[in-house]
Amino acid sequence: MKIMSVNSGSSSLKFQLLEMPQQEVIVSGLVERIGSNQAVFTMKTKDKKDKQVLEVLNHQTAVELLLDALIQKKVINTLEEIEGVGHRVVQGGEIFSDSAVLTEKTLAQIESLCDLAPLHNPANIISIKAFQKVLPQVFQVAVFDTTFHQSMPAVNFLYAAPYYWYQKYQIRKYGAHGTSYKYITEQMQQILGKKNAKIIICHAGNGVSLCAVDSGKSVDTSMGFTPLEGVPMGTRSGNIDPAVVKFIAEKENKTVACVIDDLNKKSGYLGVSGISNDTRDILANIKEGNQQAILSHDIQVKRIVDYIASYYVLLKGVDALVFTAGIGENSSFFRSEIIKRLSVLGIKLDEEKNKVQGKQELITTFDSAIKAFVVPTNEELAIAQDVLRLQQNQTNQDKDDQQECFCCCG
């Protein structure tokens, strides 16, 4: 069956159409700059990549555009061939501990969580409604970034703030990148051949977070109430003394919202280096001896190592350390800088194997006390797998209900 994975932002819509359960990517694409007359629509099949600039004023138009293109390019013959759609939704709060079939009730619950993710959930909802309008009979599912972390114990997800903040406003650590962590966890259970594996995962892209996993469950993670908490990233500061916000607001004559915006969009690599938020630019400048670039990278690496060491103690040892996402999968320098700072744990890097880019590989030596792996993530596939799983569950439930009705009526 054909399932579409969708990841929408406020001005973008990324999609991938997969044949399931074969896990075959049929087509992928992206609509950028939604809301302008200079939107960019890119669609890629196995053989060809098309790109066009055109007017796309809203998400509804973007959805209709991409679905029309699938038919025009003969990727599919009719829309009826699409049997499921999975939507990435950033915030599921404490309501959702698993992906959920999209119903009126589910959508209303997602809307109720917009206060917790004002930059993301509204855009996710707009995209969901757009797909529901064009594909009203198609089975659709919300896959949340936060559900994987709902297994964290209170001691790890609560802040030491007034407790009523949590009771009244749900102020707590929610984490992010959960779909990626779930996928990597399942991959590592297969690689290691054990369900009760203790794993530390470093998801490093423009957004960076870490997760401690025990027996397939998230125990702790670095991102918090929002993705701003944790380690420094491309443009995010990571952990910072909250009093700095008020101090800078007064000194710079800015609102609190503006200072938070600076911490989200003008900090991290970009803020410290003054060069770029892109790791490739930072690494190029490090090679040239740029001290600010070196400092920005060292700060990030130091904070990542802090989390790994903390999670090692939390888990009472680990079976594997895993690097994934854009930087984690492709930067040998990034990985080596982290691993060499972990030598006290007996982890030993294999320099030759560490040259790998974008492929699964064990990158430590045979006598390393901890195994370290590069494992590519695949969030689109993970979303499609959840759609397939929930659809099969619903089909089985319908059969059980019919059987029960038959027995009662008979």
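Cβ atoms are placed via backbone N, Cα and C, with glycine included.
Now, the feature entries from Swiss-Prot:
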| type | residues | note |
| --- | --- | --- |
| ACT_SITE | Asp145 | active site, proton donor/acceptor |
| BINDING | Asn7, Glu379 | Mg(2+) binding site |
| BINDING | Lys14, His203, Ala204, Gly205, Asn206, Gly207, Asp278, Thr279, Arg280, Gly326, Ile327, Gly328, Glu329, Asn330 | ATP binding site |
| BINDING | Arg88 | substrate binding site |
| SITE | His177 | site 'Transition state stabilizer' |
| SITE | Arg236 | site 'Transition state stabilizer' |
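Listed in sequence order, the residues of the same chain lying 6 or more apart from Arg280 (ATP binding site) and placing their CB within less than 8 Å of its CB: none are present. In the structure shown, the C-beta of Asn7 has more C-beta neighbours within 10 angstroms than that of any other entry among the binding-site residues Asn7, Asn206. When each of the recorded positions Lys14, Arg88, His177, Arg236 is scored by how many other Cβ atoms sit within 10 Å of its Cβ, Lys14 comes out lowest. Using a 10 Å Cα-Cα cut-off from Lys14 (ATP binding site), none of the recorded positions among Asp145, His177, Arg236, Glu379 qualify. The recorded positions close to Arg236 (site 'Transition state stabilizer'), defined as a CA atom within 10 A of its CA, are Asn206 out of Asp145, His177, Asn206, Ile327, Glu379. Spatially, by CA atoms, the binding-site residues Ala204, Ile327, Glu329 include one closest to Asp145 (active site, proton donor/acceptor), and that is Ala204.
In terms of Cα spacing, the binding-site residues Ala204, Asp278, Ile327 all stay beyond 10 Å of Glu379 (Mg(2+) binding site).
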